[in-house]
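Since the structure comes first, as structure tokens, the remarks are kept for the end.
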Amino acid sequence: MVKICCIGAGYVGGPTMAVIALKCPEIEVAVVDISVSRITAWNTDAHPIYEPGLDEVVKKCRGKNLFFSTDVEKHVSETDIVFVSVKTPTKTQGLGAGKAADLTYWESAAPMIADVSKSNKIVVEKSTVLVKTAEAIEKILNHNSKGIDFQILSNPEFLAEGTEIKDLFNPDRSHSKLAANAFLPQRISSVNAMSALCEATGADVSQVSHAVGKDARIGPKFLNASVGFGGSCFQKDILNLIYICECNGLPEVANYWKQVIKINDYQKTRFVNQIVSLMFNTVSGKKIAILGFALKDTGDTRETPAIDVCKGLLGYKARLSIYDPQVNEEQIQRDLAMNKFDWDHPIHLQPTSPTSIKQVNIPSFIFDGWNVVDEGKLRAIGFIVYPIGKPLDQWLKDMPPLA
Ligand SMILES: NC(=O)c1ccc[n+]([C@@H]2O[C@H](COP(=O)([O-])OP(=O)(O)OC[C@H]3O[C@@H](n4cnc5c(N)ncnc54)[C@H](O)[C@@H]3O)[C@@H](O)[C@H]2O)c1
Ligand SMILES: O=c1ccn([C@@H]2O[C@H](COP(=O)(O)OP(=O)(O)O[C@H]3O[C@H](CO)[C@@H](O)[C@H](O)[C@H]3O)[C@@H](O)[C@H]2O)c(=O)[nH]1
């Protein structure tokens, strides 16, 4: 039986391997991780990741041809193909801190693979890394005295959280990863910039997106205005791209991509400032309910825009009542206490000091950062609604000029 093993049982490794196990019952799939709590959770019915459709896939294969284990070295030594799907977060210290990708986890996996291997292996690079990383890893792996041959394949992952199982059943393509993760958020920053102009001129950003997306050269996808893009990839990958541009003597190109992040930060700040302005220029002591904290239809809070929005409101001394059915209170407190870029590093490096989180309340103002609520229905039953990029309530229009 052909054996494959994936190092890293996270958002990519776990679901990807589960789908491979489902589609290839003749292959034995092991998913290994140094995190005992993650592996323990994969081996129960309370998986560490919430993704629509994931539980069913795991249930069908686990214990048959899909195994989750902390015995990393044993499984790597026995396998024919090793997938590496460890994190590549933004560096928090040293050269390139705040921009460059931290390859610590990748670099620790490579010598271990070389050490424990007794037979030739194919090593598949799933993590998001630079194009030449495969060549560097190949040198580390093939510089062994055992005569073992390693072939390195670059196979970046393109799945999106919230639709992982769907994306894995119908994969798009597998090349040019970093460029794609710059172009996609560039579209979002473009439409979010338009949303500010729409609000200033009384236009509706969803109509602008619809009309622009009708141009076949532009296309309709990824043109939804929002409170800003989030997620564990876009910002870190653009920052890495910026760093590469700077290292290659291209400051103008670096500045161009920096603007995508600046507009994203501006949109989050703008949303917070609108809340403050529209609530009579102060939210101090006011109770604000935040419905939904994680990204999209997931329990993943890594770099969720809700963190910056909540931190902004806390800075104005608002009292927050946060609720998300997929995120527990401890996680929310940790997220709000954490410094930028700490969230994707091991838990012992993350601060634990809690902030004050209260219970959920029903608000009379709704600030909809994603244009998901039906503002007409809510207005009809008495709510004052502020949707992104749309004409304001008459009540809000009559307010004194904004700060
Ligand atoms: N999350 C996404 O939607 C997504 C999509 C496409 C690509 N990516 C890329 O895939 C990579 C993984 O992302 P993720 O979201 O799955 O990360 P993750 O943090 O959820 O999972 C990585 C796992 O690797 C484990 N790990 C780290 N070092 C290890 C080692 N030496 N041995 C064994 N296990 C180790 C960690 O404990 C962790 O559980 C990143 O490069 C990311 O940019 C992520
Ligand atoms: O029109 C849009 C589309 C998305 N978003 C936001 O953008 C962020 C990212 O969304 P999405 O791309 O759907 O999720 P990710 O899981 O971050 O997936 C991205 O990042 C992954 C990691 O690299 C890649 O594999 C995927 O192809 C890429 O889409 C989220 O905050 C969305 O709410 C918008 O604001 N407007």
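Note that Cβ sites are derived from N, Cα and C of the backbone, with glycine treated the same way.
Any TrEMBL annotation is an automated prediction that lacks curation.
Source: prediction; values computed, not measured.
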Name the residue, out of Lys214, Lys221, Lys236, that TrEMBL lists for the same NAD(+) site as Asp33, Arg38, Thr88, Thr128, Glu161, Arg302, please.
Lys236
Please pick, from Lys139, Lys177, Lys317, the residue that TrEMBL records in the substrate site together with Phe158, Leu159, Ala160, Glu161, Phe222, Leu223, Asn224, Ala225, Ser226, Gly230, Lys296.
Lys177
Of the residues named as NAD(+) binders, Asp33, Arg38, Thr88, Thr128, Glu161, Lys236, Arg302, how far apart in Å are the Cα atoms of the most distant pair?
23
Using the alpha carbons only, what distance in Å do you get between Glu161 (NAD(+) binding site) and Leu223 (substrate binding site) once rounded?
18
So if I take the binding-site residues (Thr128, Lys177, Gly230, Lys236, Arg302) and measure from each Cβ to the nearest atom of ligand 1, which come out below 6 Å?
Thr128
Listed recorded positions: Asp33, Ala160, Lys177, Gly230, Cys233. Which have a CB under 6 angstroms from an atom of ligand 2?
Ala160, Gly230, Cys233
State the three-class DSSP label for Lys177 (substrate binding site), counting H, G and I as helix, E and B as strand, and everything else as coil.
helix
For Lys236 (NAD(+) binding site), which of the three DSSP-derived states applies: helix, strand, or coil?
helix
What three-state secondary structure does DSSP assign to Arg38 (NAD(+) binding site)?
helix
